[in-house]
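What TrEMBL annotates here:
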TRANSMEM  38-58  transmembrane segment
TRANSMEM  115-134  transmembrane segment
DOMAIN    135-427  domain 'NADH:quinone oxidoreductase/Mrp antiporter transmembrane'
TRANSMEM  140-158  transmembrane segment
TRANSMEM  170-192  transmembrane segment
TRANSMEM  212-234  transmembrane segment
TRANSMEM  246-265  transmembrane segment
TRANSMEM  277-301  transmembrane segment
TRANSMEM  308-330  transmembrane segment
TRANSMEM  336-357  transmembrane segment
TRANSMEM  378-399  transmembrane segment
TRANSMEM  419-440  transmembrane segment
TRANSMEM  461-479  transmembrane segment
Amino acid sequence: MMFNVNSIYLTITPLLIFMLGGILCLLFYKRVNIQRAVVLISTVIALISGVKLVKVLAREEFLTMQVGGWEAPFGITLFVDRFAGLMIAMTALLAVSASLFSFSDSVMPTRKKQIGFYPAFMFMLAGISGAFLTGDLFNLYVWFEVMLISSFVLITLGSKKDQLQGGIKYVIINFIASSFLLLAIGILYGTTGNTNLAALAESLRDPALQTVTQLAAVLLLASFGIKAALFPFYFWLPASYHTSPIAVMAIVAGLLTKVGVYTMIRTFTLLFPLQQYHYLQVFILIISSLTMLMGVFGAIAQRDIRKVLAYNLISKIGFIVYGLAVYTPAAVAGAIFYTLHHMLVKTNLFFVVGIIGKARGSYRVKDINGLYDHFPRLSFLFFVLALTLVGIPPFSGFWGKFMLVDAGLSVYDYRSVALLLIVSLLTLYSMMRIWGKCFLTKFDTRLEQLITERVFMKEYYQVYIASVFLFLVTLWISFSPSWLIEYTQRAAEQVLTPSGYINAVMQR
């Protein structure tokens, strides 16, 4: 297939922008205001490039680039299809909002410690983009390490004791995930002589190699399962995320687990298609169900709003992976749609919770009351986002959940569909409990009200701008979902057709 040269360079543009932004932030290491300008400009340009990439992929099937001119499978392959394009565009969108949110000193560590935030933030975005773009397993490992190092810096920013403890847990479990990935790469390379995904997919069609490489498949599932916070590896997420500054928690929660989901979907549709590995399909189905349950039970048990959101995040990862386990075009389309919805809504909920924490000085449910009376705009944002997270119509969560339920019913998987609906009801309970106790109760006059919403908005307008920006995008998708549903359906068809990926990369 012939591609326009300018379109091909769109493949690498977001990655280069994030890398260049990180380097510029390092050059102005002690100039926080300059770093902020660099980050905002870089993320906006990346968003424009990401949106253009999505538009180009609406008419082109794939975009590939061989860095350095070496043909696959010998060179460094970058590959973008509709799924990857959507993920890159959403990453850039969240990056713009997170940069705006971080401009408020109220949700960040001291000014002195902010100097390390923006370089790490940009390099983490580069690592995430690289993971979405790479067409090689070893390069995926490299981008994972870039993500790990930069996200560790972000999680421990402020150097408080609980942050360091959470950061150590985060690094240890991700080191184990990286070790599993390296072992899998070693097995696959030793068996096939390749780490290029297209070449591997072609080689693994040989039935003899499928038997030898099953251990690699299990190791990859474990590695990506840890990254995605699937059962039984999810415990690191609530233990590490809630200790971070809220600006860090929002962007990390919105993006990092989705990289694990993306690589899992890519691996088990391209390298190890689940229709050929039925035992893995059954295993992933069981894991997705347990992830839903353990996540929502954890959310119900928590009394810290940040942890409630963290456990609900885990539960919704189970929804997404369920779409992979069903393994039909409709199910994978639902998984992709739900991923995009969840990235938007979960990031924004953490933004709103950050505003609550600043306004009330605590994240514990028992310490917060009277928000509806004193913060009506914030209350409206939280209520609508909570309904969106649960999947109440007509919000975006409903459309994603409907796609998954419809796909499950089409294969007569009534038990999993029933579980998905029950988990949704329990999620509603966990969010409405926060609504009832923190928003609808009367303000305790014995406590000092530090600030009113009007004053708060004037002083910390950046946090509201960031939240409203994502809120408007969510409403757009909620009330005009047809274009995205159609796009994700086309993306799912590509993902479930490995021959298209192979032919595009190998230039056939």
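A Cβ is built for glycine as well, from the same backbone N, Cα and C atoms used for every other residue.
A quick note: this is a predicted structure, and the numbers were derived from the prediction, not measured.
For the transmembrane segment (308-330), the residues of the chain that approach it from at least six positions outside its boundaries are 228-231, 234, 237-238, 241-242, 253, 257, 261, 264-265, 268-269, 274-275, 281, 284-285, 287-299, 301-302, 336, 338-339, 342, 346, 349-350, 353, 389, 400-401, 403-404, 406-408, 410-411, 413, 416, 420, 423, 427, 430-431, 434, 489, 492-493, 496, judged by C-beta separation under 8 angstroms.
The recorded stretches the transmembrane segment (336-357) and the transmembrane segment (277-301) do not share 3+ CB pairs below 8 A when only pairs 6 or more apart in sequence are counted, and are therefore not in contact. Panel annotation: around the transmembrane segment (378-399), residues 312, 316, 337-338, 341-342, 344-346, 348-349, 352, 355-356, 359, 371-372, 424, 427-428, 431-432, 434-435, 439, 453, 467-468, 471, 474, 477-479, 481, 485 of the same chain, lying at least six beyond its termini, place a Cβ under 8 Å from a Cβ of the stretch. Beyond the ends of the transmembrane segment (246-265), by six or more residues, the same chain brings 83-84, 87, 91, 94-95, 98, 101-102, 107-108, 117, 121, 124, 128, 131-132, 140, 144, 147, 151, 154-155, 157, 221, 224-230, 237, 306, 309-310, 313, 317, 320-321, 324, 332, 335-336, 339, 342-344, 346-348, 350-351, 353-354, 357, 495 to within a C-beta distance below 8 angstroms of the stretch. Sequence-distant contacts of the transmembrane segment (461-479) (same chain, at least 6 residues past either end, Cβ-Cβ under 8 Å): 93-94, 96-98, 100-101, 103-104, 106-107, 340-341, 344-345, 347-348, 351-352, 354-355, 358, 377, 381, 384-385, 388, 394-396, 398-399. Taking Cβ pairs closer than 8 Å, the transmembrane segment (115-134) reaches residues 11-12, 14-15, 18-19, 21-22, 25-26, 29-30, 32, 35-36, 38-39, 42-43, 46, 77-80, 84, 87-88, 91, 95, 98-99, 102, 108-109, 140, 142-151, 153-154, 157, 247-248, 251, 255-256, 259, 262-263 in its own chain, all 6 or more past its ends.
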